[in-house]
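Taken straight from TrEMBL:
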REPEAT    51-84  repeat 'TPR'
REPEAT    85-118  repeat 'TPR'
REPEAT    119-152  repeat 'TPR'
REPEAT    153-186  repeat 'TPR'
REPEAT    187-220  repeat 'TPR'
REPEAT    221-254  repeat 'TPR'
REPEAT    255-288  repeat 'TPR'
DOMAIN    303-534  domain 'O-GlcNAc transferase C-terminal'
DOMAIN    561-734  domain 'O-GlcNAc transferase C-terminal'
DOMAIN    869-1183  domain 'Conserved hypothetical protein CHP03032'
């Protein structure tokens, strides 16, 4: 934009005119523009040769946007006095306003000739060059301006914009930072800085920049949108949704926010709302190909085909048009696999997507000098094992997780080391536990930026990096674009080419990728001798408790003598294949079609479409989603699996064949449409592969109407399942390893990637290899001794013992110390000798057991903290104490001046915590323990580390209460109160009795041990109980369980009556700053409630079951727990709000409602109960109530000392 042309001072003119000029300026400054213009017109009519009058007359026109009038008036001024630099500057503004930028440039240059120091003129010149697209000239102009005026914030800002337009984000960040340094209130610079930081994956810094922009301008829609995208990346979907909606409330036609909102609505399964959003985008921007692509995806997911063919054709035409123009396609490569696109079209879409990512990540190389200068030392690796690095977001209960379940276990440890890098959530499943334990090194990189993750992989010296995700959910193509490994491979997770130059190889087979199709694959191909798809079927070892009800034929299918099935997700079903299915049903009386249950609107659309084609909708039966083992078991009730066209059944096809159900398919022309043919070939049933839809229909009808031949087919499949290579997992792994060795040898010899064919291993070798295969059973991990750990920001920490390979002697034991550095086995240490892991930024080390040996080792606390948590803890004069009944620990979290410290202490099911000065109370399963802080003894607690602790909580009194299910504790004026959940009352401890009941809700009729309402939370105000929370309004034994999801209540203690209802499992009420704060736990919400009106405000929504609340100054510390898959926690709102629920502590700024820091437990702890703040104690410790430690400390009112020396704490 041009320099402001407001009235700032009177031009210099002859004395008779100066007074009138001053008056005109004053009128303009007062906003009386029309009067100023009339007076100025009279002035130039009266004194036509007054240059300053004409200039002021021109300025008035500029002020009103009347550039043509301004041009005439300013030219008159220059004719009268051509040596006035400001006249030429004003003329330049007029020219630029008319779009005549070249003339504007000339005017500005003339002005600078007359006054080279005019900062505003040089800035205007830079803007003009910028608008002309003369990048280099604009750059030089702004640089010249900064050389003259180093603190010119606008020039720094525009330089940042120039570099950002060139996607040189590292340079743009530097100039934006200069702009806000020189002008801290520069809102637009803060926002643009956030955009640039986000582009290179520096999400935390970007978050802070957006927040700063919003603090300066709360109505900044673009910053709200940017913040929403980052919240979404953090998994905080509801907060992201709120930010998008706020941005759109300010700018209803903001297309970027609408697209982000639509995409999030899809993730949240709000498909009808998402469809409305995308259609709104297309109303505003009819050429928005991303919205069209997304709309098509929704139509497929809902099987809504009314204009599907037209929309598909429209999308195809637009893609071809963009490709012809050399423009990016801007559609999801994954979505293209579901559509009738050719292999060449899919490759072009993938390449376009990959090129955008590559261009963006080139800037990360410039931003971080060490990245991009990596060397791998070709030919210098000696004879060490090949390091394989597998990257995926699906090391969990997921289709890919099921396929690779035995992969890591079966790798030959004589030749390979196995590293796994997780991009997705830890669901705590048996699959996740097995995959972790089967690796030599498992690392969760889900919270790292792409550059941090790439650095981690490079530091681990990975030789072959395998992408198991491609362009699917949780993928990180940016990581691979940074090239952290010398060889990078696309395998299994994405069925097609990634179109990326940074990916060297694609693992495939001759059926899936015929030699004539190699031109449509960007990578070089590694051809496995059988099917490329690895299959592992150990699922029944995990989940083999399905009931007969789950495996019997569903009642809706009982009328049918032949059951066709397709358990593909609905997005794979399109009109052409569905019409074929309906024709098959029409030709096979008494047959039904068994489909996978999806959303209600999808099922309704399919039934409606069936009726349209003359088929009774009741012949379509929908199977609910069940666990894997139950799903496999129910397959046996189906007769024939009908495959889909453009995107075949892959894992789903393997499931059917493994379960003994034959499958028929049409072999297509793309990778994704040929996988089923490859599977059938590898199981010895090529006769089930067809080449046309007509043959497909004829074959389906034949098998359904020839029962004898069908039974022979089924028997053949049963025989082939164990004899053919499809389900020979060890054989496939061996072939994979051969391929890995071949590509590594090429790299070592300096050869470029090339197509390779893996020869089938000899049968004797295969059998020997197969002997390594074993059935897996989960390792039982008992509790372990606690240690005091230090945590660096954003670092994964584990205090668990390692799972080791047996020693070479076969004794089943191993030297733990030999696997760690010789110095203290702490965190972040460097490995010392050959064969040791070099610790990188994230250092969770898990070494796999032998397939034949399970070594039980204890699991303890593993967690990570971010910079925000560290910064907050370093600022405050205090520490935290947490309780986790699930893990049986109390955890003290402190700050030693440099790092966060974690100190776990074992207690039986600890729950409520109360703190008052130097007193601390803790409720456990059978006791209430009272502790006192002997701070005078703390410094000497560890003799060889004086000052390690500044607080020492010693056990003083133990009250044996029995199992009262005590929840919250709180100190009041009358001593310690506790929530007696079992007896549905508030109580106090007593030296003579188990407890003294003091209060119960008015609706509780009896004091009996029946947990009638699940009373749990207590808020103390002015020394007295004020509010309590309960999970239900019930007066029957465990009656609260009937409506736990939305039956929660807040009760006013003074009246005994329910004050608020309809909450979802509320916990942790706290009275603070004259208001009630509580956690609506089942929804993950933090509430602030007005005590006068009862109205509440949702402060924030967090990705976990919120339980445990502590308020300190302007901050809330909230405990989060993962939700157990039990009836207790079923049907909670939070289960549909987030992809992944976390366990940990989140710090929320109460002024903004935004999280500023978090600690997340990633091992050893899945649920928290309470959290408290220990003021004025930064490094506390606490002793368990046992004689060996309690007898050592002597305290009296007058003195205190250690009776005897204390050994180094363990």
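In case you wondered, yes, glycine gets a Cβ from its N, Cα and C as well.
Helix, strand and coil counts under DSSP for the repeat 'TPR' (51-84) come to 27 helix, 0 strand, 7 coil. Counted with DSSP, the repeat 'TPR' (187-220) comes out as 27 helix, 0 strand, 7 coil.
Residues in the repeat 'TPR' (119-152) partition by DSSP class (helix H, G, I; strand E, B; coil) as 28 helix, 0 strand, 6 coil.
Away from its own ends, the repeat 'TPR' (187-220) comes close to residues 153, 156-157, 160-161, 164, 167, 169-170, 172-173, 176-177, 179-180, 226-227, 229-230, 233-234, 250, 360, 363-364, 367, 449-452, 478, 866-868, 1152, 1154 of its chain (Cβ-Cβ under 8 Å, at least six residues beyond either end). Within the model, the domain 'O-GlcNAc transferase C-terminal' (561-734) shows a mean pLDDT value of 96, rounded to a whole number.
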